[in-house]
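Below: one structure, written as structure tokens.
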Amino acid sequence: MALVDYGGSSSSASEDEDCTENIQTPALITLKRPALPKAATLLGPKKPKPEEFVEDVVDDPAEHGGRMRSFKHERGNWATYVYVPATACVDQLEEFQTEAIARLEPHLELQPNESLHLSLSRTVVLQYHQIDEFSRSLQSALNSSAGFAATLQGLRIYTNEERTRTFIAAPLDAAFVEKMTAILQPIDQVMLDYRLQQFYDPASFHVSLLWCVGDQETLLNEKLTELKELLDDQDKLCLAVNEVHLKCGNKDFTYSLK
């Protein structure tokens, strides 16, 4: 689009040499140059990058099994957490999920956790422009962390902070809590550096297997012995702690441990 060049205008001196001295030359008239339109007016508002664009979401618990968000979904907010994947024993855990759902079906409507992992952070919120820098900080913090082979042991019942959901989980064997805490500490420091909430204190490392809506802690504790019998049929539940993952929305970063 070509911009119009608004020049100033003035009256010229008389070109007629015969003009008498009694005729006065008109005073110069200065016109102000009109202000050019701003770029936003011509080009429209700045468009977000494709990665930043997230449609406004109206949270409807009916669309995801009655779950409620712990924080409001807003454009530019990326739900973020750090975890260790439970890939080494995923087949055994999925078999337990199927058997437990069938066993408790008359009492509760249980849902399986689809991404089986051991959390090393709370779910926090990052802005899009923070993600890469946060990932680099986390990678640097974990550079000296050593991996190890661990196991899961038994079952335990948890609720979320709002007590709107109840979980059946397999805790980390107590023999490996100290080593897992050594990995957690630099992660907590990164969270602190970014003014984000640190992990629970005291930490309770576990892999969530099943969940249901509402506070069903009492009922599930009554069924815990029965559920443990299902898990006892499984071989040792191994957990390979050789890498840590960062999940930011649909982005996943992996950091190998020594």
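In case you wondered, yes, glycine gets a Cβ from its N, Cα and C as well.
Looking at the stretches 1-20, 121-140, 221-240, the one that Swiss-Prot records under the feature region 'Disordered' is 1-20. Ranking the binding-site residues S204, S208 by C-beta neighbours within 10 Å puts S208 at the top. Cβ neighbour counts within 10 Å, taken over all protein chains shown, single out H117 as the most crowded of the recorded positions H117, P202. Separating the Cα atoms of F205 (UMP binding site) and S119 (AMP binding site) is a whole-number distance of 7 Å. Measuring Cα to Cα from H117 (active site, proton acceptor), the recorded positions that fall within 10 Å are H206, out of Y200, S204, H206.
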